[in-house]
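Visitor: This is the structure I want to talk about, given as structure tokens.
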Amino acid sequence: MLRATTSAVPRALSWPAAPGNGSEREPLDDRDPLLARVELALLSTVFVAVALSNGLVLGALVRRGRRGRWAPMHVFIGHLCLADLAVALFQVLPQLAWDATYRFRGPDALCRAVKYLQMVGMYASSYMILAMTLDRHRAICRPMLAYRHGGGARWNRPVLVAWAFSLLLSLPQLFIFAQRDVGDGSGVLDCWASFAEPWGLRAYVTWIALMVFVAPALGIAACQVLIFREIHTSLVPGPAERAGGHRGGRRAGSPREGARVSAAMAKTARMTLVIVAVYVLCWAPFFLVQLWSVWDPKAPREGPPFVLLMLLASLNSCTNPWIYASFSSSISSELRSLLCCPRRRTPPSLRPQEESCATASSFSARDTSS
């Protein structure tokens, strides 16, 4: 049986207690009171940070959408905010209530629903970043293909695929978790998971680490390498370009247009690099601790550093909105308006062209119209 303790967030990634042996089970409540208060304070801070950050950015996007059609970049950012808000509402908030009461207070159906939605938020947040990066790669490396698909709708294929995979990959939670007795005949119930085989826990936690963290990180990093290579190739003219102003059969645009496209591509590369670095830094501690806890029987599972690191599954959801807002002048200006910080309007001709670099459709539209 997979033991659900206050030291695992989400509790889908906890470690097992010895099944069928009440003497090996922990007491009904053996928490360190000080550590429990620190957990509650940390979870409360994370919840406020995730909800406020993503709520502000989503509000800025809604304000901008009322004045016209969303740019393709805004579609991805909007859905990433929704995914991160799902993390706050369905992962952090239930975990906060759970830690406050120590045991899960609710019927079996609610237990299964909470466990399912906790994983949906984790998957959706990771896969939306991957979908956005894949779209940026297509914009820069395959602009004609991107142009044929178009963009700007509130839903597009990468967004739908990201949500669909998140909903499907979270389904095992409904069958693994249930309200179960925490001891032999004690009558106390908690939302625990059980596996038919002793190796089931290790396999499941490793699978989640691969699908939520490792696979998306490798996909994002691979796109980053290809984007950097394309930018380097476009900025370093070959012999044919120097002789006739063409490369790869494409007609060269004006020097001003070429400089703007190059700057937009470079900005995309910088943003993607920041995303990869922050993504790894935020997720790595959590999953390293989770894997350590299930693969090493002697892991210090109850130590304060171990416990607190397991609370940081939602850290990436705090940083996502600010990364994209800092690289998007349009979102930044809307945020200033929301926060009552007026700024002198910049002429359209002088505004940064971040939307053209960040998504496939808008980048390719400019590229093909030159």
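Every residue gets a Cβ built from N, Cα and C, even glycine.
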Visitor: Confirm whether, per Swiss-Prot, Leu338 lies on the same side of the membrane as Leu34.
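Guide: Swiss-Prot topology: Leu34, Leu338 on opposite sides of the membrane.
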Visitor: Tell me the Cβ neighbour count for Cys340 (S-palmitoyl cysteine), meaning other Cβ atoms within 10 Å of its Cβ, over all protein chains shown.
Guide: 6
Visitor: Among 38-62, 200-219, 271-292, 308-327, which stretch has the most Cβ pairs under 8 Å to the transmembrane segment (77-97)?
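Guide: Top-ranked stretch among 38-62, 200-219, 271-292, 308-327: 38-62.
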Visitor: Sort out the residues at least 6 away from either end of the transmembrane segment (308-327), same chain, that have Cβ-Cβ distances under 8 Å to it, and list them.
Guide: 7-10, 13, 38-39, 42-43, 46, 49-50, 53-54, 56-57, 60, 77, 80-81, 83-84, 87-88, 91-92, 121-122, 125-126, 129, 267, 270-271, 274-275, 278-279, 282-283, 285-286, 289-290, 293, 335, 354, 358
Visitor: Short question: which residues 6 or more past the ends of the transmembrane segment (271-292) have a Cβ under 8 Å from it?
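Guide: Residues 8, 13, 126, 129, 133, 136, 205-206, 209, 212-213, 216-217, 220-221, 223-224, 227, 299, 306, 309-310, 312-313, 315-316, 319, 323-324, 327, 358 contact the transmembrane segment (271-292) from elsewhere in the chain.
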